[in-house]
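Have a look at the structure below before the remarks.
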Amino acid sequence: MIRRQKNKKFELVSKFQPAGDQEQAIKKLTDGFEQGEKAQILEGATGTGKTFTMANVIAKLNKPTLVISHNKTLVGQLYGEFKEFFPKNAVDYFVSYYDYYQPEAYVPQSDTYIEKDSSINDEIDQLRHKTTSDLMSRNDVIVVASVSCIYGLGDPREYAASVVSLSEGQEISRDVLLRDLVNIQYDRNDIDFQRGRFRVRGDVVEIFPAGYSDHAFRVEFFGDEIDRIVEVDSLTGEVIGEREQVSIFPATHFVTNEQIMERALASIKDEMNIQVKKFEGEGKLLEAQRIKQRTTYDMEMMSEVGYTNGIENYSRHMEGRKAGQPPHTLLDFFPDDFLILIDESHATMPELKAMYNGDRARKQTLIDYGFRLPSALDNRPLKLEEFEKHVNQIMYVSATPGDYELNQTDHKVEQIIRPTGLLDPEIEVRPIKGQIDDLVGEVNKRIERNERVFVTTLTKKMAEDLTDYLKDLGIKVRYLHSDIKTLERLEIIRDLRLGKFDVLIGINLLREGIDVPEVSLVAILDADKEGFLRSTRPLVQTIGRAARNSNGKVIMYADSITDSMREAIDATERRRSLQMKFNKEHGITPKTIVKPIRDVISITKDSEDKENKESFADLNFDELTKKQKQNMIKTLTAQMQEAAKKLDFEEAANLRDAIMDLKKQVHEKKK
């Protein structure tokens, strides 16, 4: 049994000291948790260094920490930052390991069954194994994760109990070690040495752990005793160092044995018989035959080889759980006294809540038509209330916390002062009558100063009309609409920063990647028209777009001041006065953020993909050259992944078939 090392401390490394009001935020949050607060909110204005504050809180509390964000891009950014802050501690990355994932689905309208299809990223799989092995063996662990952390991951007790511990001088025969390795899903391969494999040369066994990317362990025997353990470079065999003791963690998170499998098969058979009787009683003979045939095949595979495609749908039986019981997840691998940080909580909490319902709807159709047993519903993400039961202490981090977070706790800590001294922008309310002419005058002032302008409208038609009007006046302007893809959007933002145009018009300017230091004016048209984009939270976020420039200003065009406007204006003015007071006391002069303008990759490819997609139906693959086919495979793969993300299973399946056909043709030509 593995024992967790509890004596390691977090060591924060940074050339910066807490600045602005980071210090007071760190102290209040740390004191709050140490005094037993279960939930706290860090409400940090844009550009105040919330991640650095999070790192300081982690270091001071010295608890294993799970940081959750709502998309892979942000998870990657946070992972990189925390790796820099904590180079001597374990910082792990945990996201879905699928490069491509099309879930099993059935479309009753067209009687189309689509099998699960996926492609696993080996590097991410290795990082997931490193995460769980770190959590089992040490306390100084920070895991940065996506919402994948609330999906099933196997029983941590079985995982821990299956760890093979080896030490110098230990009495164990070579053959017993080989059997133990096979039991935890390691494969013997004396030629192709990869993660999750071992090889044998006489009295020497080399093991490549599942959680390592380039290190392996060489175990040397003398009779039935371990004589020496060394860590080696898995590629060159060069000795890195000697080890007195090592722990080999299972090569899978779903650990099983003969007893577990026998119990699971008996339970699956019982459920199958009940479901067959139910269908027959309802006169659904096709569904009854289908579920019996499919389940019997799966059971035969599991009995013979210990695995079947879609085995995760039987996880409730494998783990001995009751119907409706939550699955084991990454959260179960943490000790009880751990800390959760929810980054961008206004977006992450709704995502955590939505996972369960989306998963259930798809599986219910498979069950209703006899493709899966009802227990497949228990292979699922956690419900929100189940996630809440895992919470020991939690910190929600956002510039605009959502209603959920605000209802969880009264303990809110503000972080208002920016280390750069930048202020929240001035806000001015002007009448709607003559708003366009007034706006043109303000735009021209900014153009003279080589600054940029954001204009937000309420309707697509108004945005288009305003764009045309400004163009007729000779103003360089672009319209950012919802049909524009991510990469193209980034190119437009880059062109704005470079000065290729001066004004960007949009309906929703709250998406990622739209922070532009060169923007000194944000104009909000029809600010008094209540609705989603004119409610308090989006208004505050929109105002924040002018907070990265020392000349930042916001003009709201409105004939009356709504409650949402008043709340947003009051909050901004309060922060601005505090920031001005701080700057005056400390002799700080606000400076516009200097941010490098980076190239946007693959922009041309994105537009080429769009053209290829439109002409895909007209193509005859036989007429393409080998090179064209290879390029087409890449293009269709990207489209397939996009279709799967949108849950357009039929389109994804059609594209997959086309890809397989192309690959077959390319392979045949090679011969």
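Glycine too: its Cβ is placed from the backbone N, Cα and C atoms.
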Which of these ranges is annotated motif 'Beta-hairpin' in Swiss-Prot: 49-72, 97-120, 193-216, 265-288?
97-120
Work through the binding-site residues one by one (G44, G47, G49) and point out the residue whose CB has the fewest other CB atoms within 10 angstroms.
G47
Tertiary neighbours of T51 (ATP binding site) (same chain, Cβ under 8 Å, six or more apart)
L78, E81, F82
Can you count helix, strand and coil residues in the domain 'UVR' (630-665) using DSSP?
33 helix, 0 strand, 3 coil
What number of additional C-beta atoms lies within 10 angstroms of the C-beta atom of T48 (ATP binding site)?
27
Under the DSSP assignment, what numbers of helix, strand and coil residues are found in the motif 'Beta-hairpin' (97-120)?
3 helix, 15 strand, 6 coil
Other than G44, A45, T46, G47, T48, G49, K50, T51, which residues of the chain come within 8 Å of the ATP site, judged by Cβ distance to the Cβ centroid of those residues?
T53, A399, Q415, R418
